[in-house]
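Read the structure below first, then the notes.
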Amino acid sequence: MFDNFSKKLPWQSLKQAIAFVLTIIALTPVVTALISSVNQPQIQSNIQLYQTNLNLQATTLSSDADPNSEEFANLKLIQTSLIGEDPYTTAEEQYLSAQKSAKKTITELEKSAVNPEQKKSLEREINSLKDLELKLSLIQASQGDLDSARQIWQDIKEKSEFENYKPAVLQNALLLEGLYGEPPQIAADAEARIERNFQGWFRYTILEKLYSLENRQEDLLALEEEQSEVAANALIKLILLAFLPLIGGLIGVVLLIFLLVQWLLRQQRSLLFLDDSLAWQTKWGGKTLWWGIIIGFFFVGQIVLPVIFGILSSFLSLNPEQFNLEAKAIYVVVSYLALTVSSLSVLYLAIKPFRPLPPDWFRFNLFSPWFLWGLAGYFVALPLVIIVSLLNQLIWQGQGGSNPLLTLALESQNTFALLCFAFTASLAAPFFEEIVFRGFLLASLTRYLPVWGAIALSSLIFALAHQNLSEVLPLTVLGCVLGFVYTRSKNLLSSMLVHSLWNGGTLLSLFLLGSSAG
């Protein structure tokens, strides 16, 4: 009787029940991460502060040229166009905005900090806020607003009794309060503490104050010479950060105009026209799609590998959170390669019964114009994603989370670590993700959806897989460009190149900004 009942209702079969349970298990961590990202800060706020620090460094640029000469005027024009007329006021506004955002994040974390991991996260955010406030106070003090600066130092002293600061926070507050006091009070180890705890413009400004108070003229001259060289390098970095995206974006705008004009004039013969002739001949159905994406990508990536790495870490008495930067970089590479090999193995087994595949499946053709498709796709993606990202900032107001790899790359000036991140982001990720999301998912979806619909849905899944709500909109747009390039070129090398250039450009920007701390 039970067998007959099962036959009448096949969706209640054991296989379907197992598939349903595995799907829920595989997607639960993704959904949880997306929900928790709502109250997490974006890296964008940190990026803006690093940009501000670079601007501050560029303000100290000096020149041997005659102040009345054309050379001096041109230098000042470039400097002003990059950092503005009043960079110190702008810097203070940026830090005040970041302070407000950080306090909001801490308030949200205080409501939910119950387990040890959440409490550690709260502690990190509090210490980051205090570091930020110390830098803000130094900007204010350097501009003569000592009342605001002293209020910050006083606040840190008063709250240090019941807030768990790292020791350097209180020490730095006392150091600054002494240097800017009336009369000044200079700690015996002041210079060593400054060298240890401050970087960039902040280090220069405090050392200048210390040397002036101690009347160390030779050290002041050496410091000014050193800082002038640093400022020149900062100006070069600002030029690269400003003009490389600008030039690429302008090329992208021209290409977009060309595509739109071509579509208006040629309609169905235009590149933007996507019809069923571009669809892939798909031999498999939803079951194979489920194996490749739900099991191969999500279940393996979110459940199997974390369990395996957790067991190995426990067995070897390792804690990845306590790794130094180089060890974290190696861990990122190893874990991503493990995901690539295991997920692609499941995908291979899922489609193996349908071999041989039609010739346009998973195509790698070195002798087609894949490079031109990839380069053009990258340029087109620049203005589209930039515009969407600006809109995205208005929506999320600095919240919504970010890829933790971006934070590591921003804070890293270690060559080995940067090479590891570059390999992962610019080579491994484009290779793996383009095979999964464009080569398999997009192509498979053309069996059920029109080509444009398959591009859109695969792009949305691609964006959601990154597990940060603030990145869903821009990554969906990027995914659409990747999907369009792959659909038109029928060559995975094209979309891999777009993906690689995008990630590589992001890493280069983060490296240039991160160097402002030095």
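Quick reminder: no glycine exception, Cβ is built from N, Cα and C everywhere.
Bear in mind that TrEMBL entries carry predicted annotations, made automatically and left uncurated.
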Listed range which TrEMBL flags as transmembrane segment, given the options 12-33, 408-429, 496-517: 496-517
The domain 'CAAX prenyl protease 2/Lysostaphin resistance protein A-like' (418-504), counted residue by residue under DSSP: helix, strand, coil: 76 helix, 0 strand, 11 coil
Same-chain residues near the transmembrane segment (496-517), Cβ under 8 Å, at least 6 residues beyond its ends: 47, 50-51, 53-54, 57, 199-200, 234, 237, 240-241, 244-245, 248, 370-371, 373-375, 377-378, 381, 406, 409-413, 418, 421-422, 425-427, 429-431, 433-434, 478, 481-482, 485
